[in-house]
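Everything below concerns the one structure shown next.
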Amino acid sequence: MREFIILGYSASSSSSIATLPNPHGSNHSTKPYKDKPLSLPKLSPSKSSPPISTVHSRSPPLFAVRWDPTKTHLSYFADLASKLARDGKFQDFAMVVESVVLSGVRGSEFTAALKLELVAKGISRLLKEGNVRSVVEVLGKVNELGVPPLKLFNGYAMELLGRQCSQLLKCKQVQELVELMEVLAGFHFPIKELLEPSEVIKLCVDKCCPKLAIRYACIFPHAHILFCNIIYEFGKRKALEPALAAYEASKENLNGSNMYVYRTIIDVCGLCKDYMKSRYIYEDLLKQKVTPNIYVFNSLMNVNAHDLNYTFHVYKSMQNLGVRADMACYNILLKACCLAGRVDLAQDIYREVQHLESTGVLKLDVFTYSTIVKVFSDAKLWHMALNVKEDMLSAGVTPNTVTWSSLISACANAGIVEKAIQLFEEMLLAGSEPNSQCFNILLHACVEANQYDRAFRLFQSLKSTKVQEAFGKKYKGLSFKPTTTTYNTLMKACGTDYYHAKALLDEMRAVGLYPNQISWSILADICGGSGNVEGALQILKNMRAAGMKPDVVAYTTAIKVCVENENLELALSLFAEMKKYQIHPNLVTYNTLLRARSRYGSVSEVQQCLAIYQDMRKAGYKSNDYYLEQLIEEWCEGVIQDSNAKQEEFSSCNKTDIGRPGSPLLEKVAEHLQTHIAETLAVDLQGLTKVEARIVVLAVLRMIKENYTLGHSVKDDMLIVVGVHEVDGGSTTQNVEVKDAITKLLQDELGLKVLATGAKVGLDTTIEPGNTTDSDKDLEEMSGRDELPAELIYSTRRPVPLERLKVTRGSLQHWLRRRSAPRR
């Protein structure tokens, strides 16, 4: 016999004090018991809710009976529990279940005896009130006692539970939702029927909660599909780090290497422009001695298609691993050739796939033909592009809109407007509906061929549904919706007619389009072309007022307008404004500024130009330095005003030295024209040719001369480092040539006194002169020494002998006085 402790029950809603009748007719007195309201803590995986059984330990029993299972009917207590649940008294319901199960009745046996429709009704009542946590807590308790929670739900209760889950989704309570789903999954509820998994994944991604998304994915048996969804959704938002976190979690939770997951993360690396990461993932796969399938290889090659060498490296690795290429693989190779402009390789691949098609291995698709057509189009090989079209038609493949656009573009790029329009007519006759890109290509072809009137006539006719005016035939149902690119192309056709271009900009707005940076830049260029610099600058302000920030193209256009109108100071102020707004200049910006001058007049102008040049080099751009070096040379040679014949004789020889690859000339000139150089007057000619050394020395002398005219006298001797002695103490051939050329320049052409000095000085440092001897007599005494005073020694770890020339301060001052004296 077991003692069965149970709460009393009364159907009366006005009082919670009740007496439970004995099923055998015996009456027992009971103590009053006040029903306490149900209070549930917040559901959290880190802090579980206290079990309902704790209520039993805190509450005094209403009575105690000795229950003999052979005499007491189980159905009575099942009926009692069902009615408690129906009335929402789930604490009491759980206590009845616990008491019955602890007395030895199996949970499944008691569940079969319950009136499940009453229990489901009580659960539905709680769910209608939004009390999901109470329901979950009861389900957790009965589940521990062996009663399957899912058995307590009917269709209506399940529908209400789904509504509560949808409400959490709508309110974006992602953490509560995922925690609820985890609990319900533990009860074997059909989670997928409650909410669409993709919607939960999107919410986790929108909230940037990769951990919650991973926890949710792990609920399902098909977790690899959800992991791919998580990775891809983060990738669409350019969030690579959370996508990688999901990828790493998939490796920990999935059995084996899932190729679908690898393919997805590689594609996401492409979306996020992190090509190197995709390569690391591929290498990691190979380290695991897992052979990727063709889809992984195709994704990897597609992501890295901009790198032709790496793409073909992956292709060869794929062949070595025995993975057979499909048509998509060859299409990606053609795409890589197109991006790299390698027509020869594209032709080889095209011939190879044609051979495979002839043997029945592959079947060329429209993408293959369209890609090879684009390769020839970009290379302006319109004849070959048209030949591919014939191959395409012979193979029974119908060109699509992309194919026709590429064919029209091929003729447009070659300047053959008539052929481009003829292809457009063929496209219409073939039943292929053109898109805006096709129309824009035609307009661009007309503009590039300077057929401006034809471009406007074509535009006006295409705006209507009747295009017979343009082509002389009827094409019903054809409509054309202009794009921003359409109006930008037409604005270019306006030439210098600012008001016509402005009218097109206004029309663009009227049809619901928004001008972009290119639109404003074209308008500014047209305004500046008519000489209205202020108007061009006002367009930049209007651009900001319209809520659009000027980009590098807009600023470069405005700078170009200022340069063309010989307002270099304004151009430089715009350049400074660009840097202020952290807009990085491009190569066109730098070249526009560097070519703004045809000659230099002062040191400040040269310093200004060289500062732009150095900024350009730091930005990673390479330029043709020949033009700039010529201007610098011309400015430097201006020091020699009385030796035109000698200057002309020198300038006519060895010009090939200027602009040689890797020439440090401009960097050297920039270095020696810094402000502090005016005080030290130390010139380093190491690594320069004799022509470059001449320009650097003349640049320093020009700076000294201009500073002298401003009232800055020479305070030190001028020290010129020619080069380093060889180990045996001799001079290299280049050092001798440079030394002789500079000596001849200073002595013969400028009349300066030059002395050669030998000294052991340090390498890779700068000279630190002190108060050097300033008289010619003292200098002559020093010239016989083996070493210089300590003030002129380089402070280095390893002294080496340098070949040097010295021009005394007295000689420089005499030369400056002679140059500044009025001519008679």
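Keep in mind that glycine also has a Cβ here, set from the backbone N, Cα and C atoms.
Per TrEMBL, the features are as follows:
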type	residues	note
REGION	16-57	region 'Disordered'
COMPBIAS	38-51	compositional bias 'Low complexity'
DOMAIN	236-361	domain 'PROP1-like PPR'
REPEAT	326-356	repeat 'PPR'
REPEAT	365-399	repeat 'PPR'
REPEAT	400-434	repeat 'PPR'
REPEAT	435-469	repeat 'PPR'
REPEAT	516-550	repeat 'PPR'
REPEAT	551-585	repeat 'PPR'
REPEAT	586-623	repeat 'PPR'
REGION	766-790	region 'Disordered'
COMPBIAS	774-788	compositional bias 'Basic and acidic residues'
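With helix defined as DSSP H, G or I and strand as E or B, the repeat 'PPR' (435-469) counts 27 helix, 0 strand, 8 coil. Listed as Cβ neighbours of the repeat 'PPR' (551-585) (distance under 8 Å, sequence separation of 6 or more from its ends, same chain) are residues 517-518, 520-522, 524-525, 527-529, 531, 533, 536-537, 539-540, 543, 592-593, 595-597, 608, 612, 615-616, 619. With helix defined as DSSP H, G or I and strand as E or B, the repeat 'PPR' (400-434) counts 26 helix, 0 strand, 9 coil. The domain 'PROP1-like PPR' (236-361): residue composition by secondary structure is 94 helix, 0 strand, 32 coil, according to DSSP.
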